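Asker: Feature list, courtesy of TrEMBL:
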type: DOMAIN; residues: 6-288; note: domain 'UvrD-like helicase ATP-binding'
type: BINDING; residues: A27, G28, A29, G30, S31, G32, K33, T34; note: ATP binding site
type: DOMAIN; residues: 289-542; note: domain 'UvrD-like helicase C-terminal'
type: REGION; residues: 308-327; note: region 'Disordered'
Amino acid sequence: MNDLLTGLNEPQRQAVEHAGSPLLIVAGAGSGKTRVLTHRIAYLLGERGVHPGEILAITFTNKAAAEMRERVDGLIGPRSRAMWVLTFHSACLRILRREAHRLGWKQSFTIYDTDDARRLLTQIVKDLGLDSKKHSPRWLAAEISRLKNELIGPDQAASSADDARAKLVADVYSQYDERLRLAQAVDFDDIIGSTVHLFRAFPDVAKSYRMRFRHVMVDEYQDTNHAQYTLVRELVGTGDDRAELCVVGDADQSIYAFRGATIRNIIEFERDFPDAKTILLEQNYRSTQTILDAANGVIRNNTERGREKRLWSDEGPGGRILGHTGDNEHDEAAWVAGRIDELVDAGDTSFGDTAIFYRTNAQSRAFEEVFVRRGIPYKVVGGVRFYERKEVRDMLAYLKLTANPDDTVSAMRVVNTPKRGVGDRAVAEVEALAARLKVSFPEALHRADESAGISGRARPGIKRFCEIIDAATELAKTAPPEEVLDKLIADTGYLDGLEQSKDPQDEGRIENLQELVAVAHEFTESVMRGTTDDDEQDLAAD
């Protein structure tokens, strides 16, 4: 076990070995935070005899979770795989799937992503007769998210509304919450808030997870919001039987205040846990002292920082930092292009060795224009993510309906995709039928014969849509996901439409559908091997 401590500096070693009380690790940028966390987990398993199933490590991204699992596996071996190393959303989603019945949910409840939520809010804005320019779905989504992150439900939002704007948000929130419930769906914010509600409503459930996870670790603690903070408190508990808590963070690196994150969670950690120990990691392994001095000079102006720290490095002073202030974005871009040309002409670098970082997508335009004029080759990294592409989202909507037949947003997305004669008027009639029968939109589609207002042109399309979903749902009971997807792609005519199209971009869309089927096949194989990634099973929880 001494190998686990080899190569650690003294504060890192203390953080790995600490036991008995809550631990706050204030980890400056580049100070070996991930190394400390993974070695601490390995130390718990190897030296302190902790069972892997007693460890819950929470990260903010799937990538960070995968890296942590891989590192611990390299230190300890395969027995570490029984740990939960997950994002907040993935951990909560796993709990909710297991305990769904306690909340009156189906285990197959659907997760609405940002696009799904906005589609639902767009429909609510329309139904309430609101001006979508004055009260945009994007703005309403942000307001509702803010309330949920503060664990404020629709009723509390309504009772505390003190002006017309707040009352309108509360009204939309109430409608939104009701329609989510009817569709057996949750949005991203619900995943955490509902887990907190579960623990508070069912103390026995909270206690069972508290007794299971005797060691809780949270990365990037400075970026937690109120709901996440409350979740951690519920998981750890109070009194003599509380779990051992270790959080890692740095108030100087907090970047998610716009999402409701509050650095007070890390600044007030010692107030929340009076017996806590705080360890500062100040040695930087990534940068030169010149860069660190500049960073220290900037960050010391922050008004709320918590524990004072000063990053230092053994890497030497390094080169000087060059700064340039342009008159405008075009002057700035021209100067950058000139510097790149100078470096390449001098043989010091190549175009491919140069990177430009900017804060917003709109800022790329000035750089692209000057690069085109100067003949500088470039590539904008990013674009539309795979799972955000229309054809992928369309087929996933079909697939979601085979798992959750009450998924209103998914049904409304694809009921006329590809076009089958079900226009806006027919959709409105089905919505009215759903409201009258107090059923979900997909259920109303199956009962379309009960509405006289649906046109004869739309009825065959609705019937065909229901037949496609019903057949795929039946197949899903016995067949793997890739077979269900193949059937949906064929039965809907989606692939035929793309193959007959003369749009050259549709070739790429066909490839994307093929890739989606391949992803489903890989998932099936991983399940067969028993090596399915936690976040894969949780189906895009983040």
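Each Cβ is built from the backbone N, Cα and C atoms, and glycine gets one as well.
A TrEMBL annotation is a machine prediction, not a hand-curated record.
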Asker: Only counting partners 6 or more residues apart, tell me which same-chain residues put their Cβ under 8 Å from the Cβ of S31 (ATP binding site).
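Answerer: L281, E282, Q283, N284, Y285, L311 - these are the non-local Cβ neighbours of S31 (ATP binding site), listed in sequence order.
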Asker: Which residues, same chain and not among A27, G28, A29, G30, S31, G32, K33, T34, have a CB within 8 angstroms of the centroid of the CB atoms at the recorded ATP site?
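Answerer: In sequence order, the nearby non-listed residues are V36, D250, L281, N284, Y285, R286.
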Asker: Excluding near sequence neighbours, so keeping only residues 6 or more apart in the same chain, what lies with its CB under 8 A of G30 (ATP binding site)?
Answerer: N284, Y285, R286, S287, L311
Asker: Please report the DSSP secondary structure of S31 (ATP binding site), reduced to three states.
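Answerer: The residue in question, S31 (ATP binding site), is coil (DSSP, three-state).
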Asker: Relative to the Cβ position of A27 (ATP binding site), how many further Cβ atoms are located within 10 Å?
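Answerer: The answer is 28.
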Asker: Quick one, of the binding-site residues G28, G32, which Cβ has the fewest other Cβ within 10 Å?
Answerer: G32
Asker: When you measure from the Cβ of T34 (ATP binding site), which residues in the chain that are at least 6 apart have a Cβ under 8 Å away?
Answerer: A64, E67, M68, R71
Asker: Express the predicted model's confidence over the domain 'UvrD-like helicase C-terminal' (289-542) as a mean pLDDT, rounded to an integer.
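Answerer: Result for the domain 'UvrD-like helicase C-terminal' (289-542): average pLDDT 88.
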Asker: Determine the Cβ neighbour count for A29 (ATP binding site): the number of other Cβ atoms within 10 Å of its Cβ.
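Answerer: Other Cβ atoms found within 10 Å: 16.
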Asker: What counts of helix, strand and coil residues does DSSP assign across the region 'Disordered' (308-327)?
Answerer: 0 helix, 2 strand, 18 coil
Asker: Taking only same-chain residues 6+ apart in sequence, whose CB is under 8 Å from that of K33 (ATP binding site), what do you get?
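Answerer: In sequence order, the residues whose Cβ lies under 8 Å from that of K33 (ATP binding site) (at least 6 apart) are I25, A27, D219, V248, L281.
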